[in-house]
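Colleague: According to TrEMBL, the protein carries these features:
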| type | residues | note |
| --- | --- | --- |
| REGION | 1-34 | region 'Disordered' |
| COMPBIAS | 7-16 | compositional bias 'Polar residues' |
| DOMAIN | 28-105 | domain 'Core Histone H2A/H2B/H3' |
| DOMAIN | 108-140 | domain 'Histone H2A C-terminal' |
Amino acid sequence: MEADKPSQATTTSNKGFTGAAGRRGGDKKKAVQKSVRAGLQFPVSRVARYLKKGRYSERTGIGAPIYLAAVLEYLAAEVLELAGNAARDNKKNRINPRHVQLAVRNDEELAKLLSGVTIASGGVLPNINPILLPKKASASQTPIKTFDSKSPAN
């Protein structure tokens with residue numbers, strides 16, 4: 001009776017596949033990256049690895065690296081868009097650190113977020129104190145002659 005049954009090892013060894021592909025004898029599915037599943041460009045797996053390696057907490061939820069990657073991608077896109085606009089305003093085709101600095105410091109929310117950050121080779125914002133600017137000529141200093149029709153000269 002025992003000799004008629006095939007051994008368990010021979011029935012489950014289908015090309016070394018595990019899971020449903022091995023059990024059912026089907027083809028192996030192609031692996032889909034977590035970033036592709038989430039519709040992101042930033043690497044979800046790398047963010048998850050950094051979260052684990054950084055020891056920020058004992059445990060990390062499964063959605064945390066996806067959410068963090070999405071937030072980082074949004075911030076990067078926002079900074080790149082503003083820096084691209086700054087480069088175009090300066091008639092340049094390439095974004096350099098100066099354009100990033102101008103973009104970040106001219107945007108109120110990004111300036112608040114990155115207030116303690118120094119951007120290398122970014123320079124400073126052009127700013128002249130209003131006290132140092134030359135004063136405009138006022139109306140009392142330069143009298144304007146008006147000719148009246150009832151003046152005694154006529």
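The backbone N, Cα and C atoms fix where each Cβ goes, glycine too.
Note that this is a predicted model, so its numbers are computed, not measured.
Looking at the shown structure, what environment does each listed feature sit in?
Modeller: Each residue of the domain 'Histone H2A C-terminal' (108-140) gets a DSSP state, and the totals for helix, strand and coil are 9 helix, 0 strand, 24 coil.
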Colleague: What average pLDDT is reported by the model for the domain 'Histone H2A C-terminal' (108-140)?
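Modeller: Mean pLDDT for the domain 'Histone H2A C-terminal' (108-140): 91.
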